[in-house]
Structure formats: C-alpha cells, structure tokens
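J.: Please see the structure below; I have some questions.
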C-alpha cells in the first residue's frame, strides 16, 4: 500500500489459530442456522493476553492536535465564559458602590434630603392651643404612624409619590386593599344566609307523622300567593288591523294595549255552551220572523179588517239593554296620514288621466291630418299614373276619423261591386236620386245610423259565414316549423286570408278577403331571370350613352 502523510497502512491480520491453508476443507465446513444460534448463545471469552502489538488502528496518531479534541475545546469555552462572568460581577460591584438607593433610605427613615421638609410639615400639624399630655401623646403617635405609613406605602393611589410599575410597596398596598374589599363582600353575603338559617331552624324541628298532616301544613303555611301583574289583564292587548290599507297582507301586525277602563270585566264575559249559542240564535231568528210578518203588506181581503192586538211581549227587543254604537269622530294620526296619502294618490291619478286624454286628442288630430293629406294625394293622382307593383308594400288605411268619412268609404267600396250595380239597375230613377242624396249626406240621418244601407243591401235569412273572420289564435300564428316542407308553408301563407272583426261588426262583408302577408315564392330560376333583366338594362343604357357620344367607363376583362 502506498503511504499517505508518512503513515504506513496494513491490512488487518487474521486471529491466532486460524489456518486457511486448505481451501477445500474450508468450503466443505458450511455453517447453518443452528451454528449461528449457538454462536449467539455462547458468552464472549475474556482475553487471556494483551491484544497483539501489530494492530495499530486503535492507537493515537503520532501528531496530536489540541484543536481537534472536543474535550479540550469544551474546557476552553468554559474558562472563557467564567472570565466574562467575573468581569460582569466586578462591574456591578463598582456600580453598587456609586449608586444610592433613595427609596430604601426613605423606607428605613435614613434619608438626609427630606429631614428639613419633615420638620416643616410636622410643625404645621401642631395646634395653636396646647393640648393635654395624653392628647399630645396620642396625636404625636398617630402623626408618627401616618408618617411611617406614608413612607412605607406612599399614601393614596391618586396622590402617592410612588411610581406605578416600579415601586413594589405600591403593588403590595393595592393588593392589600383588594383583599380587604373581597373580605368585606364575603361577610355581607354570608350575613343573610345566617339569618335565614336561624329562621328555618324552628320550622325544621316540626315532624309530620302522616302524609295528610304534611299536605295540610304545606297548603296553609307554605303556599305563596302569586303576584298579579296589572299589565296583563284578559282582553287588554289587541291586534290592530287596517282593512283599508293596500299592503294589509304584508303589513306587520301592530299591538294595542288598552286602558283598564276599556277592558271588559270578568263578570261581563260569560262562558256560553253550545246549548246557549243555539238558544240565542233561535231567539234572533224568531225576532226577525216577527219583524218580517209585521212589515208585510195587507192583502185586498184583509184591508178592511182591523189589525189584531198583539201581546206586548211580541214587540220587545231582546237587545234592549245594549246601547247604540257611537262611532268615534276623532281619527288617529296614522289614519290621518293614510287619508292624506290616498288624497295625494287620487290627485296624481287625475293628473295622469288628464295627460292621457291630452295625448289621445293629439293622436286623433294627427290621424285627421294624415287622412286629409291622403285624400289630397289621391285627388292629385293623374290618370296615366303607373300602377303599383306587387313587390311594393300596400298601405293599409286606418279607420276613418268621423262617421261622415266612414259613410264615404262604404259608398266607395259598394259602388264598384257587381251586386250594388244590379240593385241600382232595378231601381227607379227617383230612387237613385234619393239614394244619391242619402250617400251625399244632404238630407238624412245616416250619420246616426251608419249601417242602415248595409243592412238593406245584404240582408238575408241565412247565417253569416264567419269562416274568414279573424277570430284570433290563442296558440299564436302558425310558423315555418309547423309544416313539413317549405312548399307547404309558402302555399299556406299565399292562401291565408283573414277579415278583421270590425268588418263583421259594421256589416261589411268583403268578397275575397284580405291577405295578411305578401309571401312570394323564391326559386333559383326566378332569381336568375331578375338578375339577367338588371344586367341587360345596364347594358342597354350604356349602349344608348355611347350612341349619344357620352364616354362610358369600360370594364377590364
């Protein structure tokens, strides 16, 4: 082995008597678990001789380093801290020699600084008139005792010269005061207990031989009369419920405690059984029957007869003793506040109604203005004006503003119908003239009876056909998803007709009805045709412009 740090190392040597020359015999003698147990159970033999000198791994190394030894380091540390402690004690001794404990001097009565002030305070305590020897002696003793107590305890907590938290004497004084107070309180608490024990002693001596005697004694002497609270009388507290209030359902119930004079007395409150209730009801019904027969009118045959004299008991009122109900005229402040609130609400409602009426009047005026403008536009239309295309939305005129306009609209509609022409051809010229006057509103009451001519023209015994009338659909209109295909839905929308209820109420029966919506079928071919027409129109327009000599922007392909 190579040497490290000039120290030779060697492999450990085998113990004495161990021979490993024959490896075959070593392999044959294998140890088992039993051999291992025996080895564990046999005690270790004491060494007969010293360990061999060749094994040097337990020896101290040649060069000993004191810093690496933990015991040496511990000793050094102890000596260092001992020196520090000694220096600290010496410093405290020096400070104690220079420091003067004035509080200790004051407690011992050796304080030189307060000698002059004590003389002044003691001379002020003496009286002007010389007292007797005994009084002087007792006063001096008391004064000396007070001085000593003030020196030791420091006087009262508020006026003491001791510092709270620094002087131990003040803490002792406060503790003594707290202990004395607690003792006094305990004595006060124990006094009534002792007195009650003294009172109970003679009673405890009583012995009862029977249960009956014990019960009699308890009922006579031990039963305590219950103190009645005058506030809790039967029927004194009642719930106040305002039936006129809008928020009566959610209002918090308020309680009212009535005065004793208003409360019903116990004598007045009679407990009625079921029989008494039935009897009272029967008497009430009989009294009603008597009053009803007396107030009936006499028949013709009984008019001449004199009224039979009734016994005085029949007219007696069973509720004679009960006085009439006198309502209180004064209202509570809460009722007054509610009345004011309701008045304010009524005024607001009136103002709102007025505003609504004004708005309606304005709307009516606007409608009349629009109707006049439409009439003027119709008059201005020329004969050769283009008809409206199907794609353009049709303006549905609103109802007429007055009865005259309603009659005019009826005349215009019926003048173009075939049935009306047939009836006109059958009539005489005089009737035509009268009818013209009738529709012209020259001399008739048609304004008051707007449906008169309508009833004359279309009156029949058959029932009116209400199949086309728009009676309203509670489930809502049919939509796209109520049909299987788009074609069925478009066919339904094209054929859908509905007449307003007003037409049936006023007697106007339209032949074809009104289509609710202009639903047009859109297919690819129609769309392509429309686009081709637009493109061809643009091309024609450009050709005309080129022919006229106008420069046209040419697209780049």
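Each residue, glycine too, has its Cβ placed from N, Cα and C.
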J.: In Swiss-Prot, which of 240-273, 342-375, 410-443 is tagged region '17 X 2 AA tandem repeats of R-[ED]'?
T.: 342-375
J.: Tell me which range among 131-155, 156-180, 181-205, 206-230 Swiss-Prot lists as region 'Disordered'.
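T.: Residues 181-205 are the ones Swiss-Prot records as region 'Disordered'.
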J.: What does DSSP give as the helix, strand and coil breakdown of the region '17 X 2 AA tandem repeats of R-[ED]' (342-375)?
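T.: Breakdown, helix to coil: 34 helix, 0 strand, 0 coil.
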J.: When the number of other CB atoms within 10 A of each residue's CB is tallied over all shown chains, which of the recorded sites 408, 541, 543, 544 has the maximum?
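T.: Answer returned by the neighbour count: 408.
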J.: So among the modified residues 287, 536, who's got the most Cβ atoms within 10 Å?
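T.: That would be 287, with the most Cβ atoms nearby.
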J.: If I take the alpha carbons of residue 536 (phosphoserine) and residue 544 (SUMO2 cross-link), what is the distance between them in whole Å?
T.: 12
